[in-house]
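Annotation comment: Swiss-Prot describes Asp21, Leu22, Asn23, Arg36, His59, Leu60, Gly61, Arg62, Arg113, Arg146 as substrate binding site, evidence class sequence analysis. What Swiss-Prot records for Lys197, Glu314, Gly340, Gly341, Asp342, Thr343 is ATP binding site, and it gives sequence analysis as the kind of evidence.
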Amino acid sequence: MTVLKMTDLDLQGKRVLIREDLNVPIKDGVVSSDARILASLPTIRLALEKGAAVMVCSHLGRPTEGEFSAENSLKPVAEYLSKALGRDVPLVADYLDGVDVKAGDIVLFENVRFNKGEKKNADELAQKYAALCDVFVMDAFGTAHRAEGSTHGVAKYAKVAAAGPLLAAELEALGKALGAPAQPMAAIVAGSKVSTKLDVLNSLSAICDQLIVGGGIANTFLAAAGHKVGKSLYEPDLLDTARAIAAKVSVPLPTDVVVAKEFAESATATVKLIADVADDDMILDIGPQTAAHFAELLKSSGTILWNGPVGVFEFDQFGEGTKTLAKAIAESKAFSIAGGGDTLAAIDKYGVADQISYISTGGGAFLEFVEGKVLPAVEMLEQRARA
């Protein structure tokens, strides 16, 4: 994968537009989870150190396109960046016809989704973005799977289009995990539905030695193997699909589980052998016996890809399975890569971030890359590099 990299460019005195993924949760006008902003800071700082006039853009939430919405404003992000960088980061609302920014200074553009044509990747809008800069830097891996004005269109029309350090690191880490993984390889794929992760499961079944499933996905595999899952979430129409995947790769199934009679923070957790699951039970986590077995599989792996917690870890009584696996990944000598929104929240909760080789900031983009799909924004950077 050959792309031009921002780190190789002379940015002194250049107007540089950086597309970051600053789509962070905001609560009461304040950033409530800063992981994506923290991930973007090294790129922004590097551009400033290189003497560029820096313009940063991002989306936030899903506003009605072309309309301002206070709840989707990047104002709290501008305030956060000002504190983090120790300098004023003005939020610029009207920028499409030009913006005044000096070398060594930085501005943040208001939410790109307030611009008509952003999501449809309109040429006219993309050309306006491109006219603002000498160099466009795509650094938002989390939106690289979307062909939009500020991710794909601008890369097509900018004088120079390059990958930022964060995007380049994501591509390198994923390439290492999927292209030539150290053996044996284990993957954890968890979520509510097999249907939403079917392509991921099929793709990983071709390269994994152990495919550990969790959540509603595991319930479907358990039901496919003839086990009772009570009133747990599962997909009865995908039992044959689960069996077909299990025929291609080792899918170790839980031997014990944590169940409850209701899905609630106050629910009482009970550990049961899988054979003892009652008709009115909901499976909300893997049991300690299963967690210990899965942990051993992970500790002996050469590569680990982790997407999704294996239980309802938001409720502590159903979080022990995810906690045990998180600690096992942290203690493993394997090259480990983790991605997907809930996965990042679990990593935060159990304090293992520093012991995971690479944490992907992309949710949908991470999954599409794992599926083997082409990411439009990356493909455009490759085309520009070839040209």
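Glycine too: its Cβ is placed from the backbone N, Cα and C atoms.
You'll find the Cα of Arg113 (substrate binding site) roughly 26 Å from the Cα of Thr343 (ATP binding site). Taking Cα separation as the measure, Gly61 (substrate binding site) is nearest to Gly340 of the binding-site residues Glu314, Gly340, Thr343. Nearest by CA distance to Asp21 (substrate binding site), out of the binding-site residues Lys197, Gly340, Thr343, is Gly340. Within the same chain, residues at least 6 positions away in sequence whose Cβ sits under 8 Å from that of Gly340 (ATP binding site) are Asn307, Gly308, Ser360, Gly363, Phe366, Leu367. Secondary structure from DSSP puts Lys197 (ATP binding site) in a helix. In sequence order, Gly308, Pro309 make up the list of same-chain residues 6 or more apart from Asp342 (ATP binding site) whose Cβ falls under 8 Å from its Cβ.
Sparsest Cβ environment among the binding-site residues Asp21, Glu314 (other Cβ atoms counted within 10 Å): Glu314. For His59 (substrate binding site), the nearest neighbour among the binding-site residues Lys197, Glu314, Thr343, judged by Cα separation, is Thr343. Over all protein chains present, the Cβ of Gly61 (substrate binding site) has 15 other Cβ atoms lying within 10 Å.
Residues Asp21, Leu22, Asn23, Arg36, His59, Leu60, Gly61, Arg62, Arg113, Arg146 are listed as the substrate binders, and the farthest two of them sit 18 Å apart at their Cα atoms. The secondary structure of Asn23 (substrate binding site), as reduced to three states from DSSP, is coil rather than helix or strand. Considering only the binding-site residues Lys197, Glu314, Thr343, Asn23 (substrate binding site) has Thr343 as its nearest partner by CA-CA distance. Cβ environment of Lys197 (ATP binding site): Val189, Gly191, Ile217, Asn307, Leu367 lie under 8 Å away, each six or more residues apart in the same chain. Considering other CB atoms within 10 Å as the measure, the emptiest surroundings among the binding-site residues His59, Arg113 are those of Arg113.
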